[in-house]
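J.: Structure provided below as C-alpha cells; questions to follow.
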Amino acid sequence: MAESVQTPVSQPHSQAHSGAYRQPGGMRGFVSDWASDQQAFKNVSWGKAMMWIFLLSDTFIFGCFLIAYMTARMSTTVPWPNPSEVFALTIAGHEIPLILIAIMTFVLITSSGTMAMAVNFGYRHERRKTALLMVLTAILGAAFVGMQAFEWTKLIHEGVRPWDNPWGAAQFGSSFFMITGFHGTHVTIGVIFLFIVARKVWRGDFDTGKRGFFTSRKGRYEVVEIMGLYWHFVDLVWVFIFAFFYLW
Amino acid sequence: MAQATVDTSAHVQAPATVPAEHQQHPIKLYLVVWGLLFVLSVCSYLVDYIGLQGYLRWSLIVIFMLLKAGLIVAVFMHMAWERLALIYAILLPPIAVLVFVALMAPEAHYTMLTRLEFFGAAPGN
C-alpha cells in the first residue's frame, strides 16, 4: 500500500526538482514553452513574471520620454544647452564638468551591487545580512534622490524652467524635469519598498511564513529578488538617461 | 489519509526549493560585475571629460551604455540563467521602441526643416 502511494506522489515532486533540466533548451524549448498548457514561463513564479512584465511596460514609458526628448532636440533650430557645462560644479576653485552626475551614477551602481548581494544572502536564509544590505541599498538610493534634489534646486536658481532657460533651446527644461523627475520618483518608490521588505526580512517573516498585511499571502525570500528586479531596473534606466541626456 | 498528508508536503516543498537552487551564484560574481560597471562608468565619464566629439563620442557612449545595460540585465537581474521563453518575451518587445525612434528621427528632421523654411535660420525663441 505504501508503495502504491509513494510512486504517484513522488513523481510530481521529482519533476519539480529536475523539471528545469528535463525540458528541452534553446529554440526548441522556447517553442515548446510557449505552445504548452497553462504556463509559458516554466520555472519562473507568477510574481517574478509579473514584475518582468511591469518592467517591460515601464521600459516603454521611459522609451517614449527619451524619444520625445530626441525629437525635441533634433527639431529645434536654437542650439541645445551643453550639459557638460550646465551640470558642472565648482569644487575648490576648479570647474569640473558633470561631476555631480558622475557621483550619482556611482552611488546608484553601488546600490545595485548591494541589492544583488542582498538577494544572494536572502536565498541562503541569512536574514540579518540580507536586511542590512537592503537598508544600505535604500540609504544609497535616498542619497541619490538627495543629490537629485540638490541638482534641481541649483538649476531652478539659475533660471531653468520647463518653458525657458538662460542657455538655449527652451525644450531643455521640460525634457530635463520630465525625465529626471520620473526617474527620481521611481527611485523614491524603490527606497520606500526597500525599507518595507527589509523590515520583513529582519523580523524573519519569510522564515516563519508570516502572512503579509495587504495580500495576507505567505512571503518567501523570492520577494527580495523581485524587489531587486525593480531596483536594478531603476539603475538600468539611469544608464540610458546618463548616456542620452547628460553625455550626448 | 496518508496520501493526503504526503501530497500537501510535496506541494509546499516544490515551489520553495526550485528557485532557491536556481539562483545561487558566488558573491564574487557580483563583485566582479560591480567593478566592471564602475570601470565602464569611468570610461563613459572620461568621454565627456576629455571632450571627444562627433561620431567617436557618440559610438563610445552607446557602446559603454550597452555594455553596462547588458551586465545589469544578464547578471544582476539573472536574465542569463532564465529560459528563452522569458528572455524573448521581455527583451524582444523593446525593438518596437527602436522602430519608434526610426519613425521619429525623420519626423524631427522634417519639423526642423519646416521651421527653418518658415521662421528663418534664427527665430526669436
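Residue 1 is the first one shown; counting continues down the chain.
Heads up, the Cβ atoms here are built off N, Cα and C, so glycines get one too.
What TrEMBL records for A:1-17 is compositional bias 'Polar residues'. Marked as region 'Disordered' by TrEMBL: A:1-21. As annotated by TrEMBL, transmembrane segment applies to A:49-72, A:96-119, A:131-150, A:170-202, A:223-247. The domain 'Heme-copper oxidase subunit III family profile' feature in TrEMBL is assigned to A:51-248.
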J.: Should anything in the same chain at least six residues away from the transmembrane segment (A:131-150) have a Cβ under 8 Å from its Cβ atoms, list it; otherwise answer none.
T.: 100, 103-104, 107-108, 110-111, 114-115, 117-118, 121, 180, 184, 187-188, 190-191, 194-195, 197-199, 201-202, 224, 227, 231, 234
J.: State the non-local partners of the transmembrane segment (A:96-119) in its own chain: residues 6+ outside its ends, Cβ under 8 Å from one of its Cβ atoms.
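T.: Hits for the transmembrane segment (A:96-119): 83-85, 87-90, 129-130, 133-134, 136-137, 140-141, 143-144, 147-148, 150-151, 187, 224-225, 227-228, 231-232, 234-235, 238, 242, 246-247.
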